Amino acid sequence: MSLNPPNNLEHIITSQTLKWVFVGGKGGVGKTTTSCSLGVLIADRNPQKKVLIISTDPAHNTSDAFDIKFGAEPKVVPGVPNLSVMEIDVKDAMKGVFDESEQGTNQNGGFGLLSELTGMMGMLKSVPGIDEAIAFSQIINQAQQMNYDLVLFDTAPTGHTLRFLSLPTLLRDMLEKVIKLQDSFGPMMSQFGGMMGMNINFNELKPKMEHMLKTSEQIVEDFTNPNLTTFIPVLIPEFLPLYETERLIQELMNLNMDANSIIVNQILPVNDCCDYCKNKRAIQAKYLGQIDVLYGDFHLIKINMQTNEVRGVAALRAFSKNFEAKH
């Protein structure tokens, strides 16, 4: 990244290559307002593009931000014909991932085969976060099939997004184990599985796992390509949000996921009218100074505390002006 890049998101708004934009942050920092207003702005500035906002945050504040009820299917935002929103509960998507059934085996890229792996070895289920990561991969697969030009995720800064990036490594290890088991014990395991009521077929299991691995590797390849994917952390100038943002940035760097822009929200004006305001602003000033030092090579967008609630398309559109170049 270059030193002192412009303090706006024009490089994201006008990008002709970006397909995935993640907006994440600690609760209460304005993450959903950011993702929704950015979605409106990109749709407005690029009428030829189909834009989709997906909320994977359990709170699902996107409905509140637009003042429109959204659900698990994409719904067009009135007044913004090329922008749709959907809210997906990752926990709901996780249901059945490890159930011993064939539900979804043919429709979700082969992820239903986990039931077979669970019955065979009982290993995957014990891996922390694996069900969440695989459920998120199903959501990504679903989004790909919808043929939107750009997808914005309103998501928590940690959890399924980052866990998913390590999924191919885990699946590759599991595939190697399956191949070894197949070579050594395939016929015996199939016979034993039949006796125990487990539907295990090594000849079907291996290609299904290979397909699942290939699918997850392709998605991770997209997510680690800065021309296709970027992550925008949102914070407020306080200790915990800054600490969590720095931890997130380091983790994204380790996973080779691009992050070149940061939104700093809810900045108080300089105000000497009361001790509380003065002290609060002094605390913010300290952390704003640290943010400038830490992220001087990022597109750093600083936004003042809003005097009115940002709710509805008109308010989101007005808020989105914070992301544009100042003329």
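Yeah, the Cβs are placed from backbone N, Cα and C, and that goes for glycine too.
The ATP binding site annotation in Swiss-Prot covers LYS26, GLY27, GLY28, VAL29, GLY30, LYS31, THR32, THR33, GLU238, ASN265, and the record cites sequence analysis as its basis. Cβ neighbour count for GLY30 (ATP binding site) (all protein chains, 10 Å cutoff from its Cβ): 22.
According to Swiss-Prot, the active site annotation covers ASP57.
Annotation note: CYS274 (Zn(2+) binding site) sits in a coil segment as assigned by DSSP. In this chain, none of the residues that are 6 or more apart from CYS274 (Zn(2+) binding site) has a CB less than 8 Å from its CB. Summarising the annotation, Swiss-Prot assigns Zn(2+) binding site to CYS274, CYS277.
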Please work out the number of neighbouring Cβ atoms within 10 Å of the Cβ of GLY28 (ATP binding site), leaving out its own Cβ.
10
Just to be sure I understand the packing, how many Cβ atoms besides its own are within 10 Å of the Cβ of THR32 (ATP binding site)?
25
Please report how many Å separate the Cα atom of GLU238 (ATP binding site) from that of ASP57 (active site), as a whole number.
22
Recorded positions (ASP57, GLU238), the one with most neighbouring Cβ atoms at 10 Å:
ASP57
